[in-house]
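**Student:** Below are the features I grabbed from TrEMBL:
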BINDING   E95, D209  divalent metal cation 1 binding site
BINDING   H132, H160  divalent metal cation 2 binding site
Amino acid sequence: MFQGCYGGSQKHVADLDIVLKRAWQQGLQKIIITAGCLKDVDEALELTAKDERLYATVGTHPTRCDEFLPDPEGYYDQLRSKIESNPSKVLAIGECGLDYDRLKFCGQETQRLYFEKQLSLAAEFRLPLFLHMRNAHSDFMAILGRNRDKLKECGGGVVHSFTGTLEEAHSILAFGGLYIGVNGCSLKTEENAEVVRQLPNDRIMLETDCPWCGIRSSHVGHKHVSTKFPTVKKKEKWTAESLIDGRCEPCQISQVLEAIAGIKQEPKEKLAEIYYQNTLDVFFSRTGKTRTE
């Protein structure tokens, strides 16, 4: 989408440079590009080489785990090689986990097998996890639980784009070292908002998951958003000064903050400091300049 292409159709010029410039102007200091397969990893690492503020994850999304099947060890070794070759840019293993809402893309057994397989990467490289979980809480926690010892040195992680119940959130937080990632998809309903309201601030991370998961006008969290951006409805009406309705951008992370602050009735400035520090603690606290600067 940031190349102007939607569903295989070119709608406007590539604008990733403009999108990133808008993000930096909005106050972002670092961006983590999440990969979901080997091809994604290559593209993410290529992007990170262009800006010292860009970092990447390495892993395979649950809906893409069929990519392991033709040569499981070969595929795993390629993931491993990407991490080993880019120690200053790879901050986490993922996006990995389980997604039982989209089994048409990959079956449960394959998802479970290769989610667990990727935990070995986190253990070997002592990298935190960027986790995905949809409608699979029991199996998700069971896999993490039986690998608890292996994951002790990986530095925790985040269960991103959380849309689960409060009970599920408590279970994740009780595991130890895991945080809850909140974006527009986490702020759709009254039930979502109540979960977010009760989450402890020291275990929340902000995210956009762009180009997905923006805060739509129909979302409960939208009424708390004060930061507005010029926006065009149709992709063909793109301008360099405007966002496109339905395509989320990194700059909109400020809207996620505002929504959470409104739901919790707490100052957004205070929450911004806490959530930013949470992210630094997990993803940028490794020794060496490349992890902290």
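Yeah, the Cβs are placed from backbone N, Cα and C, and that goes for glycine too.
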**Student:** Sort out the sequence-distant neighbours of D209 (divalent metal cation 1 binding site) for me: same chain, 6+ apart, CB within less than 8 Å of its CB, listed by position.
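**Tutor:** Correct list: T34, H160, S161, N183, G184, C185, C248.
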**Student:** With every protein chain in view, what's the tally of Cβ atoms within 10 Å of the Cβ of H160 (divalent metal cation 2 binding site), excluding that atom itself?
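**Tutor:** Its Cβ has 25 other Cβ atoms within 10 Å.
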